[in-house]
Amino acid sequence: MAAFPHKIIFFLVCSTLTHVAFSGIFNKRDFTRWPKPRCKMYIPLDPDYNADCPNVTAPVCASNGHTFQNECFFCVEQREFHYRIKFEKYGKCD
């Protein structure tokens, strides 16, 4: 009877790991359902202050076909071009 709880624990751990492993394979991320960047949070209140964007790689594609490193770089560039470039999608441009 002492081995019975070990079998249950082993089964529960294996089934959990299997679920986690296969859920990432079959469910691809749908970037079209993600919200557009909230650029207000990246724009400094003082016009003389330069925005300090983090060095994080999370590509954003703009309407001009340029891929930006992340939302912050896109938002800063969008402000500098007086909002002529628009958000296209998350990920690299095709």
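Every residue gets a Cβ built from N, Cα and C, even glycine.
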Quiz item: Which of these links to CYS75 by a disulfide bond in Swiss-Prot: CYS14, CYS39?
Solution: CYS39
Quiz prompt | Swiss-Prot annotation, disulfide partner among CYS53, CYS93 for CYS72 | solution = CYS53
Quiz item: Per Swiss-Prot, which of CYS14, CYS61 is disulfide-bonded to CYS93?
Solution: CYS61
Quiz item: Quick one: mean pLDDT on the domain 'Kazal-like' (33-94)?
Solution: 86
Practice problem: Could you check what DSSP calls CYS75 (disulfide bond) once collapsed to helix, strand or coil? | Solution: helix
Quiz item: Want to know which disulfide-bonded residues, from CYS39, CYS61, CYS93, are within 10 Å of CYS72 (disulfide bond) at Cα; which are they?
Solution: CYS39
Quiz item: Between the disulfide-bonded residues CYS39, CYS53, CYS61, whose Cβ has more other Cβ atoms within 10 Å than any of the rest?
Solution: CYS61
Exercise. Specify the nearest of the disulfide-bonded residues CYS39, CYS61, CYS75, CYS93 to ASN55 (N-linked glycosylation site), where nearness means the distance between Cα atoms.
Key: CYS75
